[in-house]
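Engineer: Below is a structure I'd like to ask you about.
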Amino acid sequence: MGGVVSRDDFLWTYDEQPHTSRRGEIVQKYPQIKELFGADSSLKWVVSAMVAAQIFFCWLLQDEDWLLVVLMAYCCGGVINHALVLAIHDISHNTAFGQQRSLENRLFGMVANLPIAIPASVAFKKYHVEHHRYLGEDGLDVDLPTEFEGRFFTSAPRKFIWLTLQFQPFFYSLRPLFIYKKSINDLELFNIVVQIAFDLAICYYFGAKALFYLMFGSIIGTGLHPSAGHFISEHYVITEEKFTHSYYGPWNLCLFNVGYHMEHHDFPYVPSRYLPKLREIAEEYYPASDEHQSYSSVLYSFITDPHVGPYARNKRIASAPQVYEHKDTLKPYLNEVSSF
């Protein structure tokens, strides 16, 4: 158990990603799926309540014992902040206010980002578009591990360490610097300024324990936490060499239905709230036999199975060049406002 990983390269494939052809086929058979496209009117209220709850917990914990702060960060803050990470994922597809109100979605993503304590919302959007458009493509999909990760994290102890680091906001934000560098834009800078101001306000009004509760919750909630199993279950090859896998268990209730991942990649503009309905309509395309049964078991298999490691991903040759252009999102909007 837990021997050195035998795989020494990615699973290279030369077919197109399956979701494009599947999408056309499913829509042709079930055109009513188009009715699920658009915004989820409840998302902004749910996310706002979660942000308010985290601020309330900061107030409650400001004078409590450190042990309670740590336990609350793991059991409560970790779950909520991880859910907010996935809310940002949902908002990045413009599901809070609709496709025609992109700026409002980006600004609301910053609101969802606040309790996470690390600015990531705008940068996530910038790279997540490529993850869908160029799934598994070398140099374009930064969700793929680097060559260093594949070659170094090969034993059970090293894979355990990798799981604690791999999806941390700090670590995850560094990978694009080695795979696909993009110029920082004005909206990202605004995201950073807003986040720093919020963190300083939390520390000033509620103290260091409150800020620790938020930051440690983000770190532990995306690392050694059962909810983090979705990071592995979505695209890593554990049992079957498919690009994407789903999970239909109870964690979806906490994590904005992120387990419905085949469905999400087939139809990225269907809000997470409606993904179970999508599966219900086109159930033959999403058989239960293909699903993961448990996030915890996925993490265990990843650590102990010598056939699985960071290299256990389908990879394709890039179909387009990398683009480095600088794009200011706020500037045109501010110029328009100032013209009045």
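Just so it is clear, glycine is given a Cβ too, placed from its N, Cα and C backbone atoms.
Checked TrEMBL, it gives:
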DOMAIN    5-43  domain 'Sphingolipid delta4-desaturase N-terminal'
TRANSMEM  66-87  transmembrane segment
TRANSMEM  192-216  transmembrane segment
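I'd like to know what surrounds each of these features in this structure.
Structural biologist: Taken residue by residue, the domain 'Sphingolipid delta4-desaturase N-terminal' (5-43) breaks down under DSSP into 19 helix, 2 strand, 18 coil.
Long-range contacts of the transmembrane segment (192-216) within the same chain, counting only residues at least 6 positions beyond its ends with a Cβ under 8 Å from a Cβ of the stretch, are 54-55, 57-59, 61-64, 66, 69-70, 72-74, 77, 81, 110, 113-119.
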Engineer: Sort out the residues at least 6 away from either end of the transmembrane segment (66-87), same chain, that have Cβ-Cβ distances under 8 Å to it, and list them.
Structural biologist: 43, 46-47, 50-51, 53-54, 57, 112-113, 115-116, 120, 209, 212-214, 216-218, 220-222, 225, 227-228, 254-256, 258, 272
